[in-house]
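To keep things clear, I will list the structure first and then write my remarks on it.
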Amino acid sequence: MAPDSGLSASPAKWDASERGVRGCARRVPSTLLLLLTYLTYLVLGTCVFWVLESPAAHDSSKRFQHEKWALLRNFTCLDGPALDSLIRGIIEAYKNGDIVLGNTTSMGRWEFVGSFFFSVSTITTIGYGNLSPRTMAARLFCIFFALVGIPLNLVVLNRLGHCMLQGVHRCARRLGGAWKDPAKARWLAGSSALLSGILLFLLLPPLLFNRMEGWTYVEGFYFSFVTLSTVGFGDYVIGMNPSRHYPLWYQNTVSLWILFGMAWLALIIKLILSLLEAPRESYSCYPQSFKRNFKPQSWRQGLDEEAGPHSPQPNCSPEGQHPEPSTQVSCSEKDS
């Protein structure tokens, strides 16, 4: 009886695995289409902000330069009102990104790269507060752009986090099959995802910010956490130092870091929730191949539901549901 039970359970297990692989394969095109839609939407918003805000930014910069040199020519010795006027002009120019020191300027905020970064910070709800639309047309467009972009961003982050979680599940299954210890494999895969993400998204970026912005490592780490958590205080923002030259790839790289870093945070949140979530229903007996190694774990529950539930032994039922007296058997006894 025992060998027949084990052999009969094997095809079901392979069928469940094949169904899971086919399900993942079917989701790949939809995920790529969703990512393409997401990027297209970002580029669309970038172009609109670029067209609406870039001319006004250039005009404001030229006007500020003209007024600054006119002030220096006309007031060789500044009095109180003139100094107040200069201070107000400096504050307004800082808000608009028009501060100039010598022949160097800060990163063009409403050029294509700056507009893309603004689009990313808008739909990710970071909102540093250092940059905002000035024209009424751009403000109205920003409302509709965020209205659609924020839900789209949540869908994309959830999908990316789900795909990452599936990758962790597959690693855990392979390690569990090789080590014959699923529990240890699950914890190792989860810990690896956590530590690699911390290294890639929190510990290494401050080194880049230290080189490009002149921040200390602690300041860069603080900026990384505040950004990825979407808190976005705005006290530290990249590309704001007018005395530094920023390459074109810098802000684009930071934008991608924000997107994938937030997806990693979504993965970590999913792992934490699944680890803390108690299984709603557990089974008292499973196929013989799972008796020794398999223990129900909540963080694998989502994957098991996709691959298909484990087939219980004949005449076995979930805990709390007993079969008829005429068919009830003991599942804990070994078949002879």
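The backbone N, Cα and C atoms fix where each Cβ goes, and this holds for glycine too.
Feature annotations, reproduced from TrEMBL:
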type	residues	note
COMPBIAS	313-336	compositional bias 'Polar residues'
CARBOHYD	Asn103	N-linked glycosylation site
REGION	301-336	region 'Disordered'
TRANSMEM	32-52	transmembrane segment
TRANSMEM	112-131	transmembrane segment
TRANSMEM	138-157	transmembrane segment
TRANSMEM	187-209	transmembrane segment
TRANSMEM	221-239	transmembrane segment
TRANSMEM	254-273	transmembrane segment
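Touching of the transmembrane segment (221-239) and the transmembrane segment (138-157) is ruled out by the presence of fewer than three CB pairs under 8 A, sequence neighbours closer than 6 excluded.
Between the transmembrane segment (187-209) and the transmembrane segment (254-273) there are at least 3 Cβ pairs closer than 8 Å, counting only pairs 6 or more residues apart in sequence, which means the two stretches are in contact. Between the transmembrane segment (112-131) and the stretches 32-52, 138-157, 254-273, the greatest number of Cβ pairs separated by less than 8 Å involves 32-52.
Beyond its flanks by at least six residues, the transmembrane segment (32-52) meets 110-112, 115-116, 118-120, 122-123, 133, 135, 137-138, 141-142, 145, 148-149, 152-153, 155-156, 159 of its own chain at Cβ-Cβ distances under 8 Å. Among residues of the same chain six or more beyond the transmembrane segment (254-273), those with a C-beta under 8 A of the stretch's C-beta atoms are 116-117, 120-121, 124, 126, 156-158, 160-162, 164-165, 168, 190, 193-194, 197, 200-201, 205, 224, 227-230, 238, 299.
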